[in-house]
Amino acid sequence: LNNCLSFLSTGPTVSEFVVIGEVGQDVTVPCHYSVDRNGITSMCWGRDRCPNSKCSRPIIWTDGSRVTEQHSSRYQLKGDLRQGDVSLTIVNARETDSGIYCCRVELPGWFNDQLINHKVVITKARISTASPHTYTSEQTSAPGSTSEPSFTVTRTWPSVPASEAPQTASAPCSGIPDCLDVTANLQNTSVSLPSQQHPERGLYIGIGSCAALLLILILALFLT
């Protein structure tokens, strides 16, 4: 609660305060008097500035020991009345509770009453409107290094029967060296193909080689 104090110079001395509270909270409007000097006495709270006597639009009364009149259960005196604490508590405050409140402590003698006017301001509860933070994950290079673009390499294989063909796969690489290594691996990748369909060609080549060797031996014998 924020309290501001000022004094008026006309008529009885009147103190004025500003009390600020929030909707839905219990708001306490302070008021005290000295029991040692004045003894226990009656007082009232009203919903307007303090008049020349009594309280305008009274909301609660006390004889100094207990509450004798109460306009609403939302207006309570929770302080120690016998110690002079007659502060008003507004339970579950509403915006309509904003306005001027008078605390009048009745003291013996002419114009001796203690008068305090309070301006009560009830505001709406503060709600944070900050938009939620959006966190973006980003890959960065180490300090001092040069960032390199990233590539995606698609691996493909020669056409082979469906039962033996590997699936086409994509693999990301984070830098040029990695992509070069992937390309080299692709070039060196051996693909197993179906077994040779013409094994007789190797047989013919083997027979021809033997015949050529025999011919060379015969020629060598004639020459010697």
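Heads up, the Cβ atoms here are built off N, Cα and C, so glycines get one too.
Computed from a predicted structure; not experimentally measured.
Annotated by TrEMBL as region 'Disordered', the relevant range among 132-154, 178-200 is 132-154. Per DSSP, the secondary structure of the domain 'Ig-like' (12-123) breaks down as 10 helix, 49 strand, 53 coil.
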